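Take a look at the structure below.
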Amino acid sequence: MDWLSPSSHPHSTLSQLGRTNHLTEFVPRMNNSTSTTSNSGFSCNSYAPMTPSVMFHSMPKKFDDQENIPKESVAPSPAHSSSPISHDKQMCSTNGTVVLPAYQENVGGTTYFYQYSTPPENNGETIPPEPVMSTATPASNEYVPFPGKSESSFFMSEELRNDILNRNLLSLLQPDPSQYPDLPQEVDSYHELYPLEPISNQVNILNVLHKAHLGYQASMYKATHIKNGVHYCLRRIHGFRLQNTKFISLVDLWKKLDHSNIVQLREVFTTKAFGDNSMVFVYSYHPGSETLLNKHFSIDQPGYHDPFSNDKSTPMPYSYQKTNLLRHQQNNKLPEPLIWNYIIQLTSALRVIHSNALACRSLDPTKIILTSKNRLRLSCLAVMDVVLHDSNSSLNHLALIHHYQQEDLTALGKLVLALACKSTVAVQRDNISTALDIVSRTYTIDLRNLIMYLLTNQRRSVTDLMPMIGARFYTQLDNLHSHVETLESEMCKEVQNGRLFRLMTKLAAINERPDFNMESTWSETGDRYMLKLFRDYVFHQVTEEGQPWIDMAHIVQCLNKLDVGAPEKICLMSRDEQSILVVSYAELRHCLDQSFQELSNSSVLQHELSVEDKI
């Protein structure tokens, strides 16, 4: 570390600067050279690199005779960080013009590139070199600084950030006690219950669909585990009284099933916390998801509950049903690649379920959820096995598993048909032929053949669908890889932020501390004073006009060098410009560690946490 005083003679100041490893970072190199001239101008071989002694003699001239220095040689930018670099060779043009090597200067984290050219000799006099920008610049005399990287280069995109924040917000929602007075505070090992769907005693569409499949009313809640703080989804079966425990083996099989298109089952238990005998299924929680029914089907669509729009006792003509379906499908048509995307994900989930001697038995739009980027997941798994197995314990589940798997494929065909027609009415028995005719007119023959295969009564297998999907599988695979690469690139922007945050936390804990160990000037003396000047060097840069100079690239670069303790030296100046320090990042890193260790040794948490754990 070298200390400089402004009262020193310029020669002594520069001689001390000459002992630093990075001399050119603080002293701009002048364009005076010891090369000789001839009648034909500069010689291409007469240029010699400028030595430190030449630079030291040129600097006093700068203090004594300012008008001899070209004004263009100094860019209007903040001080303390200029680092001109010259090459060892000189470039000559074919017309006799001598072009000196590129001149590089780093100011405030921004790098400027200049190039000096000298025209041929004119009337026996050499015209002084004029700086020329290496790239196209405006005609004005002022240099235009390179803007550097934008904030989007250091942080993830706003779209992804808002999506993550929205999910975190949904995970932290708390219920209003006045709105849900009967909601229990704790259910088994879970608390902070929050309803994920309206709780009402009135019969609504969702309750009708649940009763049609389960025979019991069902509701869902978001809950937090007491021990690990992880959020889960609780599906409650109302008024369910357990008769036997033979279904435990099936539950164990479902709990082991882990797939990207399946909502994993965690555990199953009974409880009386809701005031009745309820069965609770615990699943992984995916905030921000919505059902396939809410995403692609309109609840107010004509004929949603019934194929007849007005009078239930009077059937509508066949032509009316066909026209109604065709009009609704044309106005709300789904892209065929999206339908194939759903097919690939659904068949992938069914393949894993069937290969484990299980059956979904709940493949309908109310039990399929969508997350970001059209990601499908099958939910409400194992509920049908537990409820129906308990109501009729004499049935042999293993003997009927193949029958249930065939029902899964039929349900898949109806689901794809409903998506293609954008209507749940299309899967009704009287409308299937009409719906298939609409699919033939609108989509490719491959989609129609797949639906026809799934709706037939012959014995089918989910693996037989792979040839029908064909090369569309590669399209889906490519889209997934592209999405993963996008997420990885966004994550790379944030991967270093935690390390820099810890570093800034240490600096903030040391700088401007009003008192420590009964010493009010602790943060203004010794190592802490250098850290204060470094803070000003990083965050408080200003231009020659005194305007704030905020450069994200400069801040990130300085913090990274401080974190690794780079041997590079920088020039720090006090606010009153009466003290100048030339220190390296390694020395600053040592000062930071020593000062923060002193703070942590006196911290009240020292006996519980280590220094790194606290940060």
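Glycine is treated like the rest: Cβ placed from N, Cα and C.
Source: prediction; values computed, not measured.
As annotated by TrEMBL, ATP binding site applies to Arg235, Thr366, Lys367. Residue environment of Lys367 (ATP binding site) contains 23 other Cβ atoms, counted within 10 Å of its Cβ in all protein chains.
When Cβ-Cβ distances below 8 Å are used as the criterion, the coiled coil (471-509) is approached by residues 153-157, 160, 337, 340-341, 344, 373, 531, 535, 556, 559-560, 562-563, 592, 596, 599, 615 of the same chain, each at least six residues removed from its ends. Sequence annotations record features per position, and here TrEMBL assigns coiled coil to 471-509.
Annotation comment: TrEMBL describes 73-85 as compositional bias 'Low complexity'.
The domain 'Protein kinase' annotation in TrEMBL covers 206-530. Within the model, the domain 'Protein kinase' (206-530) carries an average pLDDT of 83.
Per TrEMBL, region 'Disordered' is recorded for 67-89.
TrEMBL lists 510-615 with the feature region 'Knob domain'.
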Problem set entry | Arg235 (ATP binding site) CB neighbourhood, other CB atoms within 10 A | 23
